[in-house]
């Protein structure tokens, strides 16, 4: 009966989980519909406002053209009127003078004296010769024709009648099969549902998320935009994968307007993200999330109080006095004892329990000594990386003499390769492999082959200097390609590749 109840309980739990997931999916869709409805209202209001502005601008242009044409007609009218008025005035003056001369000539016919008559005749002749009436043009300087200023807006009226909304490009289609996520880069590829030679460019938007499936409206980051993409694919490179997924959408643009967004696509961008655990780090280390620096003055008072007792029993369980020092900073993330003595160590705050992972470490140029590797959670607070069977690392030392070596279980393997500027760490938990690379060239530095029996934590030791950490990184393609050859190279390091129980 208990077994039957247990099976029913399991089935009920699955139903509850399915219903909760479906409810979450429906709620997200409701949020999307509400967001879309709000967007329709806001965008409609904006479009109406823009339409009013466009027509107001058109009316303004027509008013300006009308005023300009009216001004041209009035100027032409004034010019012609002035010309005709001037010509009319000259004709009136000429006529008046001519009538006066005619009257004088008529009176002269009645003169009886020959001498006076001869004198009058000469005067009339001279005045006629000089009379403006005989030099006046009797042709109007301008005509009354104004047809050159007439208009015919029939074509313009037809054009205005053809006014319509802009042609909007259709939504592109993102092809998930053609999209590629590799080496902390994402290539997104798309195509148009039909050929459109008026498309000028594309806009791609993306955002990080921890939710699979359709993008959510609430509790999400803002979309980031890449504009003026000329081709039908785009690669985002140099990304930090600090979320499980990324959403992508694309829209096409012609010279005037942007079209609808494509259906969004969600791509997986999972990678190991961790910070340094300052709750258990040595007091002489100044620790931030992604960097650690040697601080010779840190915790000096506390170190002097417990130094003698620490040197007596390095593997012993700490006494209550050692763990109850009043000046110890409170634990932030961890629950283990703080590293002390000569174990200038800090661990990552995220355990690796399965899978393949990769991160990179860069040392300051003046760093005297540092180690990079992994360790079990059980690493003792006095233990140094590589000196126990619970930790694996490579160690760099430039104090007094230069050494570069791989360390595990207090065994050392000197490495006959240059120390790179940045070290890449590859951990294959299930395959029991820990490899170190030159982060730039991807040259293999050393590989441990073992069997991890507990979760491991990234581990770091630093003395007189500092380290900076890069996480959120995928395993590089070059590293994946080199894994087979790495497995063939680990035989030379058999003295260090002990299987830890």
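Positions of Cβ are set from backbone N, Cα and C atoms, glycine also.
Annotations in TrEMBL come from automatic prediction, not curation.
The coiled coil annotation in TrEMBL covers 74-108. Computed over the coiled coil (74-108), the whole-number mean pLDDT of the model equals 88.
Annotation comment: TrEMBL describes 109-166 as domain 'COS'.
Here the domain 'Fibronectin type-III' (168-272) has, by DSSP, the following mix of helix, strand and coil residues: 3 helix, 49 strand, 53 coil. What TrEMBL lists as domain 'Fibronectin type-III' is 168-272.
Annotated domain 'B30.2/SPRY' per TrEMBL: 272-478, in sequence order.
Residues annotated as region 'Disordered' in TrEMBL: 294-337.
The compositional bias 'Basic and acidic residues' feature in TrEMBL is assigned to 302-313.
Annotation comment: TrEMBL describes 314-326 as compositional bias 'Polar residues'.
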Secondary structure tally of the domain 'COS' (109-166) (DSSP, helix then strand then coil): 31 helix, 0 strand, 27 coil
